[in-house]
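Colleague: Sending over a structure as structure tokens; questions will come in a sec.
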Amino acid sequence: MTEVTEQQPEKVEEVAKETPATVSSTDATAAAAAATEESSSDLEKKIMRQVEYYFGDANLNRDKFLQDQIAKDTDGWVPISVLLTFKRLASLSSDANVIAEACAKSDEGLIEVSEDKSKIRRHPERPLPEHNEERRKDIMSRTAYAKGFPLDSTMDLLLDYFAAFEKVVHINMRKYLDKPTKTYKFKGSVFVTFEKKEQAEEFIEKAQPKYKDTQLIVKWQEKYIEEKREEQKAKTNKKKEKKEKEEESKINLPKRSVFFFDGAKDDLSREAIKEAIQKVSSDWEIAYVEYNKGDKSGHVRFHDEDSAVKFLEKLEDKKLKINDDLTLEVRTLSEEEETAFLEKAVENMKNRRNHFNQKKGGFNRKRRGGHNDRNDEKKAKASDE
């Protein structure tokens, strides 16, 4: 039957070209019948293919509507009238009898037509496989990625194309959301699942498939997904590095904002230093006090430029009185000292920030009193912006 319908149109065409004036009515009738037969056969194949897709492993496992319809009948029958609510099947034929006749000719053993030809079901001897991790890996092991199809391709065109390869059981057109039009558009690539791994291997490793004149890019789905995962990881890292560099460039600590002090006693605290500074003037906000109990010297850094110079102008003999028993000697930094101090301060900020980002729950960690670098960093960024 198949060989006849494939060859007959060629005979008719040849006759029409050679002797167009002598074609008999009998020949014309035979040609028309053959063409009708071929057209009918093609339609039946498309109907079978579509219904088998509905009841196939890939679709049925995730088609909640069809699962519900199957569950309504104790024997799993679904009325053809229900199937005809599916647009793709209805576009092939809206005649339930045509659907039934076509599906009755299926030799896949997947679907079954009822005796009254009004219902279809998945064959009871072909239960739906359990969808678990093992099943997922099995499907992936026989699924290929193929790219190079025209962007205006339809599922029908793809089905016709893959019909030339041995036993394709599922085609997934890969699409993306086009935001301007708010519609999903074809990417030009598909995931195609074969019945057996050997068939997928033949397609990927040996077939060198082309779509018309375009050589398709083909690879295992698993390989494609891994490549995309690595690609996404690289993009994420690149964005992260770019963001970090941008943030680093925003840390621009003010100049002439630091003074050095000396003459501290073992019991001196940061809080005492801050209080003493506030008694002199509260015009300048303290960003950071670099000092540990027991040290003899340290540094105080303000938020604003020139703050240290202006603060020292308010001191008598450049001395900061802590209490009746302690007075600190203070001075501004030389240009070289200031450059080294600020570079070290920025580096410390980066290290603390990286540690904070890498350690989840870092906001619960204990902070030592007097360290206001986090607030200072935010202000430094804001002022730079």
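Quick reminder: no glycine exception, Cβ is built from N, Cα and C everywhere.
Curation does not apply to TrEMBL; its annotations are automatic.
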Colleague: With the ranges 1-42, 295-336 to choose from, which does TrEMBL describe as region 'Disordered'?
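Modeller: The listed stretch tagged region 'Disordered' in TrEMBL is 1-42.
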Colleague: Could you give me the DSSP helix, strand and coil counts for the domain 'RRM' (142-232)?
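Modeller: Summed by class, the stretch gives 30 helix, 36 strand, 25 coil.
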Colleague: Grab the pLDDT values for the domain 'RRM' (142-232) and give me their mean, rounded.
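Modeller: Averaged over the domain 'RRM' (142-232), per-residue pLDDT gives 94.
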Colleague: As a quick check of your reading of DSSP, tell me how many residues in the compositional bias 'Basic and acidic residues' (125-137) are helical, how many are strand and how many are coil.
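Modeller: Counting residues by DSSP class gives 5 helix, 0 strand, 8 coil.
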Colleague: Tally of helix, strand and coil residues over the domain 'XRRM' (252-379) according to DSSP?
Modeller: 52 helix, 29 strand, 47 coil
